[in-house]
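**Q** Okay, handing you the structure first.
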């Protein structure tokens with residue numbers, strides 16, 4: 001009998017979340033730069049945020065007209081699995097030799113520095129490519145400075161290697177829609193767009209990530225770039241999933257493999273950091289930090305055992321964790337356990353572990369078997 005831990009990915013949930021994200025773009029009324037049709041791409045970098053990039057790309061075939069990944073290696077893997085949807089490289093090319101692969105595989109690239117521009121202009125390509133010019137409007141991580149952006153645009157637009165140029169930027173505070181930097185970033189890219197919008201090479205703007213798409217309609221433009229929300233995870237705080245129409249796609253589950261009674265004053269787990277305050281029943285679950293559950297999760301982290309919520313008890317081990325099930329009913333060896341999923345939002349677990357849901361789902365190891373449903 002195999003170890004009872006699994007990661008189940010509901011591909012229909014991803015499809016429904018994408019449809020919701022797309023509807024937000026289509027229905028947006030407040031954007032002052034949305035002079036073209038609003039489109040929605042699917043960000044599936046980091047193995048679709050741990051959900052499986054190939055399975056996600058297949059599930060969104062016919063829905064998402066464009067996929068986005070971080071590197072050419074991720075794009076090559078998708079093409080090797082017969083994914084034909086156009087793909088955008090969010091970090092562009094890391095060396096000039098990759099540009100021939102971009103041509104061959106029908107990829108689009110982000111340009112975020114002057115060297116990438118020079119490398120592209122110096123190449124002899126079989127056909128021109130679609131370029132996304134990333135402008136640093138305040139994130140200060142990647143992007144052409146605003147002061148140099150018009151020159152960069154002109155360089156790209158005048159090259160025979162470029163068939164179109166999309167302006168893009170990335171928000172530093174989109175999860176705080178009232179932050180003044182967010183408005184400043186939108187205004188900066190708007191001003192640049194106004195200067196080049198009449199150019200034949202101008203393809204539009206791409207601004208909104210998940211948080212901006214959900215909370216800042218004025219950021220919705222030609223291409224919206226939802227990532228985390230496609231997987232049913234709120235880009236805001238851990239409680240928002242209860243008010244957003246998002247469906248968690250990943251369920252991390254296992255089973256109870258042992259039950260024991262612990263007397264008042266006795267401890268559980270490494271370091272003896274949890275002590276029973278009354279006679280307790282402790283369930284040992286086959287899941288630990290070796291499976292992707294955060295070691296930093298504190299006692300009290302919610303766990304669902306046989307449909308009931310109970311608190312984590314003690315330190316998480318590599319292969320196991322313990323839950324105080326004293327107050328629960330009908331618990332036995334073999335009882336099902338949800339560590340996160342449709343009933344326990346991953347953001348809730350992340351908050352108890354002083355991290356983000358993004359980190360938890362993207363760092364899942366291969367030890368737990370993956371099961372895809374609703375393909």
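Note: Cβ is positioned from N, Cα and C throughout, glycine not excepted.
The annotation N6-(pyridoxal phosphate)lysine is assigned in Swiss-Prot to 45 on the grounds of sequence analysis. Per Swiss-Prot, the feature active site, proton acceptor maps to 45, 270; the stated evidence is sequence analysis. Sequence annotations record features per position, and here Swiss-Prot assigns substrate binding site to 141, 318.
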**Q** What does DSSP say about residue 318 (substrate binding site): helix, strand or coil?
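**A** For residue 318 (substrate binding site) - judged by DSSP and reduced to three states - the answer is coil.
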**Q** Which has the fewest other CB atoms in a 10 Å radius around its CB: 45, 141, the listed recorded positions?
**A** 141
**Q** Any same-chain residues 6+ apart from residue 318 (substrate binding site) with CB under 8 Å of its CB? Would you list them in sequence order, or say none?
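**A** Within the chain, residue 318 (substrate binding site) has Cβ neighbours under 8 Å at 288, 289, 290.
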**Q** List the same-chain residues at least 6 positions away in sequence whose Cβ sits under 8 Å from the Cβ of residue 270 (active site, proton acceptor), in sequence order, or say none.
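**A** Sequence-distant Cβ neighbours: 314, 315, 317.
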**Q** Cα distance, the residue listed as 'N6-(pyridoxal phosphate)lysine' to residue 141 (substrate binding site), nearest Å?
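**A** That separation, Cα to Cα, works out to 18 Å.
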